[in-house]
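To start, the structure itself, in structure tokens.
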Amino acid sequence: MAVTRPAKTFSQTERRRILLGAGALCLGILALAAFSCWNFSVLLADQARSHAVRLTHLSISKDLALRAWVSDIGGIYAPVTPGTPPNPWLPPKNRDFTLPDGITVTRINPAYAFRLVQERWMEASTGRGRLVSLKPIRPDNRADPWEAAALEELIRTGGEEKLSLEKTDGQERIRLIHALRAKQQCLTCHSAREHKEGDVLGGLSVSPPLEEMARMHDVLSGKITLVHLLFALLCMLGVVWFSVKLLRRIDQRDKAQNELQRLADDLEQRVDERTRQLHASEAHSLRLLNATSDGIIGVDTGGNISFANRAAQNMLGYAENELIGRNLHETLHPFCPDGSHNPRESCTLCRARLGSDEMRFTLESFLHKSGDIVLVSGSIAPILEENAATGSILAFHDVGEAYKSELWQRIIFDSAGEAFFIWDEKRKLQSCNAAAVKWLGASSKEEVLARIKEFQPTVQEDGTTTLQALEDIFSLCDQKGMVHTSWTCRHADGTLLPCEAVLVRLTSPLGLGYFASLHDLRKIRAYENILENERQLLSAVVKAAPSAMLICSGEDKARMFNPSAQRLAGLAAGEDCSGIWADYQAYRDFCAEARQGRPTVNAPMTIRRLDAPDGPLLETLTSVSPVNYRGNPALLIWLQDITELNAARLAAEASTRAKSDFLARMSHEIRTPMNAILGMTHLLLQTRVDDRQKHYLESTRQAARNLLGLLNDILDFSKIEADRMTMENEPFLLSEILENLADLLSFSAAGKGLELLFDVAPDVPYMLVGDKLRFSQVLTNLANNALKFTSHGSVTVSVRLLDKDAQQARLQVDVRDTGIGLTREQTGLLFQPFQQVDTSTTRRYGGTGLGLAICQRLVSMMGGRIWVESEAGAGSTFSFTAVFGLTDEAMADPAPPELRGRRVLLATGSAAARGVLERLLDGLNMTAHSVDSAAAALDAARAAQAEGAPFDLALVDQNLPEEDGQNCVAALGRLSGGALPRLLLVPAFNAGRRHETPGADRNTRVLSKPVWRASLHNAIVEALGLDRALIPVRGARDQDEPADMRSMAGAHILLAEDNEINQEVASNLLEALGMRVTLAKDGAEAVELCRRQPFDLIFMDIQMPVMDGLTATRRIRALPGVGPAFPPIIAMTAHAMSGDRERSLEAGMNDHITKPIDPQVLSLKLRLWLGRGGAQGGA
């Protein structure tokens, strides 16, 4: 809307301001004229005074000049005339003189001459002048007061004249007095007055009036004033004229400006109106552009985006300000619809933008801001102004969904399993899919379209001709829009194809058409036959099922049940079945759970027969689940009678308990003679026997041990079968388990010439939580088997970490051998109780076949699994996994930084050992250079020295091919001048021998095999002379454990054992170790002995007559002076069932030892418990 602006004219106030300004200017001119007149008057007055003073000076100057001239000549002679009478003050004789021509002249002296001139001047003017003196000769020369004061001042100051304005005789006059000084000529007349030259004789006083000058000043002032007034008047007239002229011009300008303003306002109003119309049109166009669902983009001549409507922004993910100014091709159209790069020179939109005609495109790809491709269709047209393109408009719409829909429709149409046909509005077949071609047996779609009549029989199944049936179906479809009917087609081979047809009328702006879907009924009819057979089979199964099945509507009405349900519960059709449940509320709860989608499976329920409510209750496993029965919700109930099964279970449990008790008793009875056999054999071997007797004894002990192993396997399997096997959960060192295994197997491996290797990954935790005995049992069993079935090569036990978290770790243990291996058939027989791969194996290697079965059960209890990988003749690998808990100190210490990058020469002939050692060295951050012979080791050492990078350490196996490892170590020492640290690897059973090598020095050390990370670390640290703490190993720990047996000699031991043979064996073993033994034949005697005297340690049998060991232990702990830890009480039992150890510890015992007693275990127990407190009994 135009804004009306006020006309640009001067207001009345502004006009008054102009008039006031003109008046002020006139007043200023008058004031300036008055000031100029006054100024000129003052100037004229000053000039008049100055002129009077100059005239006065001029007159005096003339008089003075005359007087000076007269004085210089002493006077003049002039004829006597009336104007020049003789000087009456001079004597005549000195005054008059007659010239020869008879003319009388009189002497005019200077003073008289001056007087005459003054008189003439005063007659001609109004001024007064005279000679004055302070001491006049003539009275008229007496000075008046002003003159006297002036002369005195001149005499005092030595001045020449004094000038002032004085008012005398009523007139303002100029008073000027000039001092007259005596000259040489004047002394003639004035000598009598005693004057000398230069004295002031008097003065020449002049006092002309200023009246005449004032009159001249007034006349001039009047004239000047008149001139100024005339000039001021002319100026004011000019100001008035200019003001009038200015006001006229201002009026004219105001009128012109008002007219221009009116025209400008009119034009501005028209422009505003036009602008409003344009803005309204633009806003309307913008609303239209933003309201349309098509994207519209404006592009300038440079190909940059100048506009984008809301639809374009939404489709492309950009805000308008993010698109404006950006290049259309680079931003939106860098790719083709197939995803390939779209060069600018071949871009259709770029070429169309540069053209002069509109171009339409059906499919292009635009790049969304997110990087996705937007498929569009639209057009691009140039914007022409005066036949020149100023830009272009791109209009497009998203066809991605339509394209995908069309593509999916094509895919569905072409890949559908049913036959599809399309007819046009004239009922002419236009298309069909691949399924239709295949279904009709045609070779192509074109064949179907051309021979459609041949693919239909002449008459349909109902007797109607095909042509008439088609006409009826199409007509009916025109009326209803869709028709379902049965139809028959004909295969190319002549086979009739019954089908179900659906015909749909298609309506579109392009015209009408028809779509038909034909579903082959041959498969459906075949399926119907199959379903009917299945239904009959299911019905037969339900009827023959031994479990009761019934379907109840609600909770109580039996709608359907099988014969087993009728026999079990005495049901009748439609009968209320609520009476069969002994606990009806529990049944209702199961029904409620089932309706909420939580079916009950095999819940123990007790029921009764409806036809015998007072009869015995029946125990069942009840399952309740929701079903739909004939369109209504119902409950399917299965009842399995387990009354007899429970009775059998109770009988089996009783049998198991009896078997366990039998095994416990048998274990005790068998271990008692086993204890005697092993103990007596051990004691006999401690005596002096010949080699033949020693062989007999060793064979007897080995047979007894085999029998004990068999007994242990049977007992373990029995415990597992009885579900009485429990797992401990205590921290233990993995290295301790592996080292114990190495100690157990090293001698056997060395005896067979086998390499026994242990490969533990560096990331395996060294501290674990679990059952170390069972873990060790599995390891021992698998390793023993590997040694048993391997005659050459090596046995490797490797441990690696599979995964872990903060609480637990899962390990995998592999026991790999190079033995006889297994075939695929043989591996299938493993892990089965009492199974061997074949009878020959049993005869050759022995065994019960229980070991692997027990291992499988134990591994399963440890949360893992066990398996085997084997090939006949190539060895076997038994692997198992287990889950262990972790402690806060589970991980081993990191390798010392001083070892990082150290180069090690590794020489060993065993590839397996080489791999293990390389991994150990890598775990210590050292670099291994491996060779397989002594010669190769020496060559590598020489090459390293030649390159200036010798090895830091040599690790040499004693068993090298071709040459002994000791000689290789000596040669390496000589080659390095003894500077190379060397480690010689020797078997464990040979580690204690002294290895003398030629050239051996302090840089050669012996390291026993198998090699552990800690022992290798310590050996390398010592060999290199590093200042690092050593890792404690088992040998060092043993030094800190129980004291040596010699320090415990004489300890007093109480042995409570009822069997005389066991008494003899145990007492002899203890006495052989230096102990003093007191025997008790039952628990009561043991208590009485403890009441009488103290003992350092008590061995207490569990099963004894009169009083058992548990009761005896409780009573001993209750005696005065007996604490919970002293004396230590160690249980002795043949029981191996679960709970034995727990019961003994609960009774107050401190430890547990099983019979038959192993002398090594016995020695360990003594050192353990006697070493803690020392022998207190005394010898």
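The backbone N, Cα and C atoms fix where each Cβ goes, and this holds for glycine too.
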Would you please say which range out of 246-284, 324-362 has the annotation coiled coil in TrEMBL?
246-284
Take the C-alpha atoms of D1101 (4-aspartylphosphate) and D957 (4-aspartylphosphate) and report the distance between them in angstrom, rounded.
49
Same-chain residues at least 6 apart in sequence whose Cβ lies under 8 Å from D957 (4-aspartylphosphate):
A907, T908, G909, S910, A913, G965, L985
How many neighbouring Cβ atoms, not counting its own, are there within 10 Å of the Cβ of D1101 (4-aspartylphosphate)?
27
Using DSSP, what is the helix/strand/coil residue split across the domain 'Response regulatory' (1052-1170)?
52 helix, 24 strand, 43 coil
For the domain 'Response regulatory' (903-1024), mean pLDDT (0 to 100):
77
